C-alpha cells in the first residue's frame, strides 16, 4: 500500500471493478483419506490471512508448504475443509462458481491453449462470469478485450494461437483474460515461472499496477521483496511469519524455514531487503 | 503502461482464416445439396438429375419416383442426420476430454451402443413397438456406460493423458465386441447374426422414413442445445482449473454434456450401427476452417459431418456395385490413417494435450 509505483488509471477501458479485500480465518485443507482408517494429509492448517483492498501481498515458503493449496482455495478449484474465507466480505462457501468468478480472477499454472484457440478468443472467455451461458459477446465486450490486451502490452498478439506463444506472452494473455473478468481480487500462482528475468520484472510490475487486489505466490524472495507490500511465509501448511518484506525476510527466519544461510542487506537502489545466499 | 515487447519474429504473422464464416456455411450447404442430389441420382439404377428433381417436386410422373422417395431419399437423409450427429458428438467429446483424438467410436460410445442394441435383439424384444423404444434406450445406456468407464479409467488423480484415454477406449471396445460376439455365438437364430453384423460394421441400408424421425429430432434438439451451451464448451478448452476460475461448475456441466453426447450417439447408432471416425476427422477439419470457438464450430461440424457421410455412403453403394460395402468400412479406411497421422503429430507434442 505504501509503495505503489504507478496508480491505476480511473477508467482503463476494460470496466475494472474497485479492488476488494480478502480474509481467511483459520483456513484448513485436508486431502480426502487415502484408505480406510487413514487420515488424509493436512495441507493447510489454520491459516489466517488479511489483505486490504489494493494491496499486493506475496505468499512465500518452501516446496510443499501449502502456497498453491492456499491459492486454490482462494480461487475456488479447492474448497477449504475448515475455517472461513471471505472474498470482499462475502463468505466463499455460499457463493456459486460464477459468483466467485466475478470476485476473484486467477492465472492457474495449468492454463495452456488447446485446439488452436486464439488469444482474442481466450481473453473473451473472461466475460463468461458476467454472462448467461447462451449470451454472445457484444461490440463493447470486444472493445474491453482490446483494452485489456493493450494494458498488458499484448495487443499485437490478438490473432495468434495461445499454444504458440512464449511463456511471457502467454502470461500476459492470461492476465488480460483475468482483467476482462473485472475481478476485485487477482490470484497469481508463480506468474514468473519459466520466464526470463526481463519478463519476470515486467509481469510483477504489471501485476502491482493493475486495479484489483493481488495475492501472488512467489518462489523468488528478492522479487517478493521488491514487488509485494506485505508477505506471508508458509511452512508445513501454517503461517510462520507475516509483515512487510523488511520485517519478514530475516536471516534467522530463512534459516528456520528453508534451512539455508543468507546475508540480507538493503537493495542498493530500492532499499528493500536484498537476499544473498551463502553456499554450504 | 507496459510497452509491447518486440520479441515476436516477423515470420510469425497473425493467422488469417482463409474464408469468412458465412462463405464457409454457404459453401458447405451448397456442397451438401450437390452430394445429396448425387446420392439420389446414383446407385444400382442411374436417374438423370432432371428426373430426380421432377420426382422430388412431383411436377411430372416418372416411373422412378418410388425408388427416389422410398429408398434413396430416406437413406440420404439418414446419412445427413447420422453424419451430422456423429460429428457434433465428436466435437463435444473432444472438448470434454480436451483432446482432438476423441471420437464416439474411439472412446467406446459407439461400441457400447452396438452392444446395447445387440443385447436387446438377442433378448428377443428387438422387433415391434417395444423394439422401437427398447433399441435406442439400450443403445443410449450402452454408450453412456462405455463413456463413463473410459473417462474414469483415463482420468486418475485429476490428469488425463492421451495414451491412457486411447488405451482405455481400446480396452473397453475389445470387451464390448467380445460381448457382442458372445451374443452372436449363443444366439441360435440366423437373423440375429445378420443384425449383429450390421451393428458392428455400420450401414445406412436400414433407412426408412419411420426410422428417421427419432434420430432427426434428437439431432436437432441436441445440436440446438449444444449451440446454446457453446460458451461453457469453450471454457472447457481453458483447462479444468481455467474453466473453474472462469465461473463454470465443471463437474455438473461435464456430466450433463456427457449424457447429451451419449444420447446423440446412442440414438444414431441404434439406426445406423457403429460408423467410426466421422467424429474424429470432421471436427478437426472444421477447426482449421473456422477456429475452435463452438458457436462457429458446431454448425460447420454438423454440415461437414453430413456432407462426409452422404459422400461416403455414395461411394459405399457405387464403388463395387452391385455389391454394397458397409459405409463403416469406408469411414474406417479414411479415418484410420487420419487417426494415425494425428497420433504421430500429437506424439511430437503439437497441440494435443495442450
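Quick reminder: no glycine exception, Cβ is built from N, Cα and C everywhere.
Counting same-chain residues at least six beyond the ends of the transmembrane segment (B:78-97), those with a Cβ under 8 angstroms from any Cβ of the stretch are 32, 36, 39, 103-104, 107, 109, 147, 151, 154, 160, 165, 204, 207, 211-212, 215-216, 218-219, 222-223, 226, 233-234, 236-237, 254, 257-258, 260-261, 264-265, 267-268, 271-272, 275, 278-280, 282-283, 286, 294, 297-298, 301-310, 312-313, 327. Feature annotation from TrEMBL assigns transmembrane segment to B:78-97 (among others).
If you look up TrEMBL, you'll see B:104-127 (among others) marked as transmembrane segment. Sequence-distant contacts of the transmembrane segment (B:104-127), counting only residues of its own chain at least 6 positions beyond either end whose CB sits under 8 Å from a CB of the stretch, comprise 86, 89-90, 93, 97, 134-135, 138-147, 149-151, 165-166, 168-169, 172-173, 176-177, 179-180, 183-184, 186-187, 192, 195-196, 199-200, 261-262, 265-266, 269-270, 273-277, 279-280, 339.
What TrEMBL lists as transmembrane segment is B:133-153 (among others).
Annotated transmembrane segment per TrEMBL: B:165-186 (among others), in sequence order.
As annotated by TrEMBL, transmembrane segment applies to B:216-238 (among others). Residues 77, 81, 84-85, 88, 92, 95-96, 98, 246, 248, 250, 253-254, 257, 260, 263-264, 267-268, 292-295, 297-299, 302, 354 of the same chain, all 6+ positions outside the transmembrane segment (B:216-238), place their C-beta atoms under 8 angstroms from a C-beta of that stretch.
Sequence annotations record features per position, and here TrEMBL assigns transmembrane segment to B:258-285 (among others). Same-chain neighbours of the transmembrane segment (B:258-285): 78, 81-83, 85-94, 96, 100-106, 109-114, 116-117, 135-136, 138-144, 147-148, 151, 198-204, 206-207, 211-212, 214-215, 218-219, 222, 225-226, 297, 301, 304-305, 308-309, 326-328, 331-332, 334-336, 338-339, 342, counting only residues six or more beyond its ends whose CB sits under 8 Å from a CB of the stretch.
If you look up TrEMBL, you'll see B:297-319 (among others) marked as transmembrane segment.
According to TrEMBL, the feature transmembrane segment maps to B:325-343 (among others).
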